[in-house]
Each structure stands twice: as C-alpha cells, then as structure tokens.
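Some notes on the structure that comes next.
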Amino acid sequence: MNPNQKIITIGSVSLGLVVLNILLHIVSITITVLVLPGNGNNGSCNGTVIREYNETVRIEKVTQWHNTNVIEYIERSESDHFMNNTEALCDAKGFAPFSKDNGIRIGSRGHVFVIREPFVSCSPTECRTFFLTQGSLLNDKHSNGTVKDRSPYRTLMSVEIGQSPNVYQARFEAVAWSATACHDGKKWMTIGVTGPDAKAVAVVHYGGIPTDVINSWAGDILRTQESSCTCIKGECYWVMTDGPANRQAQYRAFKAKQGKIIGQAEISFNGGHIEECSCYPNEGKVECVCRDNWTGTNRPVLVISPDLSYRVGYLCAGLPSDTPRGEDSQFTGSCTSPMGNQGYGVKGFGFRQGNDVWMGRTISRTSRSGFEILKVRNGWVQNSKEQIKRQVVVDNLNWSGYSGSFTLPVELTKRNCLVPCFWVEMIRGKPEEKTIWTSSSSIVMCGVDHEIADWSWHDGAILPFDIDKM
C-alpha cells in the first residue's frame with residue numbers, strides 16, 4: 001500500500017468513528033428526553049427525594065437537566081422533642097472564652113452590619129448570636145446617625161456563634177428595634193418589637209413564621225429583654241416593659257407555646273423599675289436580673305414560676321452592679337428596695353449559685369468601660385459585701401456596654417446541669433468616639449470548673465474609619 005492509500009485509509013476510519021460517536025450521542029439524548037420521562041412521572045424533569053444522614057435530616061430538591069443536577073438543601077426541624085431545662089445551674093469557678101466576633105475590625109473592609117444589642121441563645125444543636133441591625137453596613141454612608149435606638153430600618157438577624165454579623169451568613173429573624181429569642185427544643189421563637197413609640201407592636205415568630213402579636217398597652221415604647229428568653233418543657237417565658245424610662249412603668253411576664261401566647265402576668269412593682277431583663281432557667285423556674293433605669297444602682301430580681309406566679313425584689317448583695325453607681329464602700333444593699341440615687345443604667349446580669357451570686361458590672365463607676373464579674377458569698381439572699389472571686393474580661397481602658405445571660409442546654413454539653421454563660425457588648429463610635437456611626441462587637445464567656453486568668457478581650461478596632469474622614 002503506497003503512502004497516499006495509507007492516508008486515505010486512516011482518514012476514512014477516523015471519519016467513520018466520528019460519525020459513529022455522533023450517532024451514539026443522538027441516540028442517548030433521544031432516550032433521555034423522550035423515553036425516560038415517560039416512565040411513570042408524566043414527563044417531569046424535576047424530582048424530590050429525602051435522604052437521612054446521621055447528623056440531621058435534609059430534604060434535597062433535585063432538579064435534573066439531562067446530565068446536570070442542581071441540589072437545594074432545605075432545613076428540617078432540629079428535634080422532635082422539647083428541651084427540659086429544669087436542671088440546676090452548674091457551679092462555675094470561672095468563665096472561659098466561648099467566642100468573639102471581631103465584627104468592627106472585620107467591618108472596616110468587609111460587608112458587616114452596623115449593629116447594637118447583640119445576644120446569644122442556644123438550641124439543642126447550636127448557639128447563635130442575635131443582633132439588631134441598623135439596615136446599614138460599617139464604613140458606608142448609611143451608617144450615619146446610627147446612634148439612634150429606634151428606626152424603621154432596624155431588624156433582628158442572627159449568625160452562628162463566633163461569626164461576624166456579615167451579610168453573607170446572617171439570617172433574617174424579625175423587623176425589630178427591641179427583641180428576644182429562644183429555642184424550645186423544636187424551633188426558634190423570636191419576638192421583634194417595632195413601630196411608632198406610642199403604638200409599638202411585638203410580633204412573635206415561631207419557626208420563622210409570625211404566629212402572634214402583642215400591642216403596646218401603655219403607649220410608651222413597648223420593649224423587651226435584648227437577650228435570650230427562657231424555655232422550660234416547651235413553654236417559653238419573657239418580660240416586657242411599657243412606660244417611662246425614668247419613673248414608674250408597667251411590666252408583664254409572658255408565656256408562649258409553639259409561638260402562641262398562652263398566659264401573661266402583670267408584675268406589680270411600685271417604686272421599682274424593670275427593664276432589659278437577663279433571664280435563665282434554674283431548677284424549673286426562670287430567674288431574671290434586670291435594669292432599674294429610674295433610681296436604683298442595685299439590680300431588680302424577678303423569679304417566675306411555670307404558672308406565672310412570681311417573686312420580685314432587688315439583688316441583695318451589698319455591692320452595686322449598675323452603671324453609673326457610687327462607691328462600693330458607701331453602698332449597703334437591699335433585697336426589696338432600690339438603693340442609690342443614680343438614674344439611667346445599663347443592661348446587666350447575675351447568676352444564682354445556691355445562696356451566692358455571680359454578678360457582672362462595668363469596671364468604671366461612671367461610664368460603660370471595662371468589665372468584671374464578681375462572686376459574692378450569700379449575695380443572693382443577704383446584703384453581703386464578701387467578694388470571693390473576681391475576673392476581668394475587658395480592662396478599664398476599653399469600652400464595654402450591655403451584658404446578658406444564657407445557658408448551654410444539657411443536649412449540647414451532655415452534663416446533668418445547665419452551664420451558665422454571659423456575653424459582653426463592646427460599643428464603639430458615637431457618643432464616645434469621633435465617628436458618624438455607632439456599632440458593637442461582643443465577647444462570650446461560659447462557666448467552667450477552673451479559675452481563669454484576668455485579661456482584656458476588648459474590641460480592638462482602630463478608629464476612625466474612612467467614612468468618618470469624608
């Protein structure tokens with residue numbers, strides 16, 4: 001065979017293979033489009049399957065175009081039973097760092113929300129950080145004027161604990177300028193307060209769906225805890241205030257089951273003032289340490305039973321824990337009455353440990369700077385000044401802010417008690433710093449069986465930002 005014949009033969013074979021390959025593809029496409037859809041599904045190219053994994057159950061919506069699958073993951077309920085939460089608090093010798101979001105540092109160059117009032121709450125499988133956004137991002141023109149508490153742009157959103165409040169991982173929860181949230185073991189319940197000052201409305205969401213509402217009953221800035229509500233055996237409790245911030249107001253405790261309000265109680269507290277309660281479950285009851293924005297530099301204490309009966313008074317300890325406050329040496333303490341004559345205040349917390357109490361407070365007596373937590377012997381039941389432990393979380397050279405409580409459920413820890421935890425907000429920007437905005441980050445600590453060294457886990461952002469220099 002001469003060279004020309006070889007070339008012709010090789011070319012003919014190659015062309016034949018190409019034609020055969022094309023014919024096979026045509027047959028494959030014809031079978032896929034015309035034959036397979038007719039096999040019991042009326043020509044539909046879409047299908048839904050359920051696949052069970054060890055860690056959870058996911059519904060996968062599978063859309064098929066010939067050889068391509070597009071899969072959307074749809075979340076299922078985390079559990080089929082309510083959390084008990086009737087255990088006692090674990091004894092804590094100190095508090096170890098759980099998370100720190102560094103949101104403002106990241107937000108100088110990242111897409112991070114302007115926020116205030118962050119708090120933490122836990123389900124049987126995870127803890128989430130909730131926060132009230134201002135409908136704007138750090139280092140953006142819309143951050144101007146965000147020192148304002150209430151606006152139509154504020155929303156409650158959440159991320160997994162430790163994540164910054166960024167636009168890519170945040171989950172919308174409610175329209176709100178005041179809020180609370182908690183998990184009953186099956187689904188998240190969130191309560192977002194929004195609307196005009198005189199006719200604000202609290203919208204209850206359960207599993208992401210609006211299920212009930214509470215209208216303002218006193219017409220004066222209906223508001224709630226700015227920290228976790230408390231669920232016990234499927235029933236969730238929270239506290240609301242309606243009325244003046246600097247004199248007698250009205251207070252109510254609410255109970256809901258699966259997002260529907262099933263009870264409420266008026267809290268009679270003449271001469272006392274309750275706002276922004278920090279609550280946690282303990283031995284089958286809800287224990288709250290709140291803010292007196294009227295006169296007291298000691299904190300109100302509210303203990304709620306499952307039937308909504310309650311005991312209300314003040315934290316007995318002979319050390320004040322609100323800000324501003326006077327000298328420790330000049331404070332005597334009271335279990336029943338407000339002490340001191342310092343108006344205003346800041347959200348705070350405390351934990352009962354038998355008759356003792358862990359109480360958090362700013363280190364500064366006059367401003368929201370620094371943060372420490374003290375353990376006072378018999379401070380829950382007596383006017384004791386006996387400080388038996390102290391731990392510094394933020395030093396007094398750095399700004400702090402609100403603080404609040406939550407617990408780790410036994411489903412998370414596998415212990416037979418509820419781990420006490422707290423968070424500290426670190427406010428940056430206005431009114432203390434020369435910026436056009438106000439925002440915050442947070443540090444979260446949880447109780448452990450060991451003493452923890454003092455340190456300062458402060459915010460650390462370098463201000464001003466570029467937007468502040470324009």
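Just so you know, glycine gets a Cβ as well, placed from its N, Cα and C.
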Candidates Cys316, Cys335, Cys417; Swiss-Prot says the disulfide mate of Cys90 is Cys417
Of the candidates Asp307, Asp322, the one that Swiss-Prot places in the Ca(2+) site of Asp292, Gly296:
Asp322
Residue among Cys122, Cys182 that, according to Swiss-Prot, closes a disulfide with Cys127
Cys122
Once DSSP output is merged into helix, strand and coil, Cys279 (disulfide bond) belongs to strand
Whole-number answer please: how many Å between the C-alpha atoms of Asp322 (Ca(2+) binding site) and Glu276 (substrate binding site)?
12
Entry from the binding-site residues list Arg116, Arg150 having the most other CB atoms no farther than 10 A:
Arg116
Should any of the recorded positions Cys127, Cys182, Gly296, Cys421, Cys446 have a Cα within 10 Å of the Cα of Glu276 (substrate binding site), which are they?
none
For the disulfide-bonded residues listed here (Cys277, Cys288, Cys335, Cys417, Cys446), tell me which residue's CB has the most neighbouring CB atoms inside 10 Å.
Cys277
Recorded positions near Cys231 (disulfide bond) (Cα-Cα within 10 Å), from Arg150, Cys182, Glu275, Arg368
Cys182
Around the Ca(2+) site recorded as Asp292, Gly296, Asp322, what other same-chain residues have a C-beta within 8 angstroms of the site's C-beta center?
His273, Arg291, Asn293, Trp294, Thr295, Thr297, Asn298, Arg299, Pro300, Tyr314, Pro320, Pro338, Met339, Gly340, Gln342, Gly345
